[in-house]
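Worksheet for the structure shown next.
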């Protein structure tokens, strides 16, 4: 039993760095973090748009997609028929029409000098939705994850 405690402590220390880098900042709700990462009604240049996201995680995110629509319109997708997500949960919803979006991909640099290329797209999207938390907008469901682009 004495050997177990140091082993457990070692496992906890080693586990720390493998926490997902895409985890949302705990001071934000998942819906607010989704909005920061993926909602951009008017297109911005990727280097500028990504700097706000990268400042939260203190690293260069490799790829990110911005939907050029309002949070309200994306949240309305949560009211559509639910489908199976990539993670096999049943809380995903597909947009009924394509939207303009920008795909930003890291091309060079180390944080905070991250450099991105941009690709404009017009596609359907799938979002995962959950019930809102207290400080979220008062919708029945709110988007919390951009599951895929079609």
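Glycine residues also receive a Cβ, built from the backbone N, Cα and C atoms like all the rest.
The shown structure was predicted, so the numbers you read here are calculated from the model rather than taken from an experiment.
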One of 48, 105 listed by Swiss-Prot as binding substrate at the site of 61, 62, 63, 64, 65, 86: 105
Of 60, 85, 129, i.e. the disulfide-bonded residues, those within 10 Å of residue 104 (disulfide bond) when Cα atoms are compared: none
Coarse DSSP state, helix versus strand versus coil, of residue 104 (disulfide bond): strand
Where residue 65 (substrate binding site) falls in three-state DSSP terms: strand
